[in-house]
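Enquirer: Before I ask anything, let me first share the structure, which is written out below as structure tokens.
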Amino acid sequence: MVALTLSPTKTLFLNSHLLHSTVKPHFINLYSTKTQSLHSSRFLSFNLVTCKLKSPQDIKNKDKNISKKIVLSEAAPSLAEKGGDGGGGGEGNGNGEVKAKSGGNLMRLVKRFPRKVLGILSNLPLAIGEMFAVAALMALGTFIDQGEAPDFYFQKYPEDNPVLGFFTWRWVLTLGFDHMYSSPIFLGTLVLLGASLMACTYTTQIPLVKVARRWNFLDSSEAIRKQEYSDTLPRASVQDLGVLLMGAGYEVFLKGPSLYAFKGLAGRFAPIGVHLAMLLIMAGGTLSAVGSFRGSVTVPQGLNFVVGDVLGPTGFLSTPTDAFNTEVHINRFYMDYYDSGEVSQFYTDLSLFDLDGKEIMRKTISVNDPLRYGGITIYQTDWSFSALQILKDDEGPFNLAMAPLKINGDKKLFGTFLPVGDAESPNVKGISMLARDLQSIVIYDMEGKFSGVRRPGSKLPIDIDGSRIVIVDAIGSSGLDLKTDPGVPIVYAGFGALMLTTCISFLSHSRIWALQDGTMVVVGGKTNRAKAEFPEEMDRLLDRVPEIVESSRSKEPDNVSG
């Protein structure tokens with residue numbers, strides 16, 4: 001049969017002379033694929049064949065080829081489908097097509113670029129390397145003293161004697177290792193690690209969760225038997241199996257003879273939670289590094305200071321608050337001692353005052369028991385000996401400043417000097433007083449000989465070189481560290497979430513499929529954890545599935561009476 005294209009919407013079919021002697025045209029719809037034969041009552045299926053006849057104008061135009069089109073499919077052609085070069089009235093533009101293809105390739109490259117970046121960032125070896133880099137930088141920050149003056153690093157890491165043969169103060173100051181946790185290298189590594197975690201979550205973990213949430217029925221016994229665990233129940237019902245699985249904590253879904261059940265889906269969500277928790281920890285640590293204030297001060301008993309005068313910013317996100325105008329007064333400083341005489345604990349009685357001089361808070365702090373107010377935390381970290389209050393020959397009291405003396409070891413030693421005679425003389429002499437803490441004072445005469453020991457507040461006088469000395473009080477100084485750290489709540493929340501999601505991630509995500517095949521039930525399943533326990537659990541469940549017993553009843557033969 002030959003089809004001649006007459007118009008875009010109609011095709012003329014002519015019966016061949018082999019089929020019929022009379023030429024009779026039939027007009028049929030372009031999308032119809034069935035016609036009735038003149039010699040048979042059955043419908044025959046034809047494929048549409050269109051040919052474009054040459055015209056004199058086409059023959060002259062040698063640049064244009066004859067277009068032929070054969071449609072082998074019986075389905076209707078797409079409305080967006082166009083003919084060849086001018087076929088069906090269409091106008092071809094070769095240059096336009098080349099430009100369109102070039103633009104399409106560029107768009108495909110643009111769309112593929114984020115996927116390539118995500119693929120690189122989600123690479124597991126890269127993420128592990130980033131974690132090791134962060135750990136190494138943190139260890140280096142612990143080894144190198146942080147926040148010291150440049151002179152400190154000049155002396156500790158000199159160029160004439162470099163550490164490990166190459167590490168000098170230039171490395172420390174150039175790379176920002178003197179403030180490691182806010183240096184560009186450390187923060188950049190954290191950002192890269194965070195990007196890898198987010199890319200892994202987006203490309204791996206979220207798709208796994210989406211797949212795990214689908215009701216995935218298996219409709220063939222062969223697919224079920226290919227699972228990690230499979231078994232066959234010769235006489236059982238898939239509905240009975242579903243009831244037992246529900247009792248074992250599974251979510252059960254039935255569709256005809258097929259069953260799908262799962263439990264432990266939270267274990268699939270846990271890795272996403274772990275990644276988010278790590279991101280919280282890193283975000284909180286970064287905020288602490290670039291948005292905090294820190295400072296330290298040693299204040300004698302009875303004096304005060306303003307919080308804003310002590311605190312200094314640590315990064316470009318550090319923003320002061322109204323609490324910086326708070327005034328802190330040291331009411332009292334005192335210490336507790338062991339029986340051996342060593343210091344066991346030291347305390348500071350603090351009062352906070354607002355701009356109007358009103359006391360807004362009072363607390364006695366100690367080591368590991370700080371004061372918190374308005375986002376500011378005041379820690380008890382150190383102590384010192386400020387002054388020694390004495391009476392001389394019943395005159396005074398006089399305050400003698402105590403100076404720290406450098407000795408070997410970690411123990412502290414403080415000393416002061418009481419001139420005797422002409423204080424303006426170049427060879428002035430006097431009484432020396434030494435103390436290791438606030439509970440006892442050792443006294444030496446002008447010749448440097450030991451004269452005695454007195455406790456502050458004992459009111460017991462001592463006569464030395466014609467002078468009567470009474471130790472009235474030992475005035476201590478409180479060493480305080482102040483800081484504001486907006487990242488602490490975020491870090492705590494991240495660690496809490498990390499512990500919780502890590503525990504949840506150990507939950508097994510188990511899936512079970514079953515298919516009713518006559519009286520037989522084919523069961524299969526798999527799990528991502530507890531590989532050894534899962535078969536034992538399945539055996540216990542399948543042993544409880546009731547067996548179907550067919551009831552037999554006798555049938556009496558029909559008696560046919562003649």
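Using the three backbone atoms N, Cα and C, a Cβ is placed for every residue, glycine included.
Pulled from TrEMBL, these are the listed features:
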type	residues	note
REGION	79-98	region 'Disordered'
COMPBIAS	85-95	compositional bias 'Gly residues'
TRANSMEM	117-144	transmembrane segment
DOMAIN	126-386	domain 'ResB-like'
TRANSMEM	185-204	transmembrane segment
TRANSMEM	272-293	transmembrane segment
DOMAIN	429-539	domain 'ResB-like'
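How buried are the listed features, and what sits near them?
Expert: Outside the transmembrane segment (185-204), and at least 6 residues removed from its termini, the chain residues within Cβ reach (under 8 Å) are 117-119, 121-124, 126-127, 130-131, 133-134, 137-138, 141, 175-176, 271-272, 275-276, 278-279, 282-283, 285-286, 289-290.
Packing against the transmembrane segment (272-293) from elsewhere in the chain are residues 181-182, 186-187, 190, 193-194, 197-198, 200-201, 205-206, 209, 311-320, 482-495, 497-498, 500-502, 504-505: each is 6 or more residues past its ends and has a CB under 8 Å from a CB in it.
DSSP states for the domain 'ResB-like' (429-539), grouped as helix (H, G, I), strand (E, B) and coil, give 24 helix, 53 strand, 34 coil.
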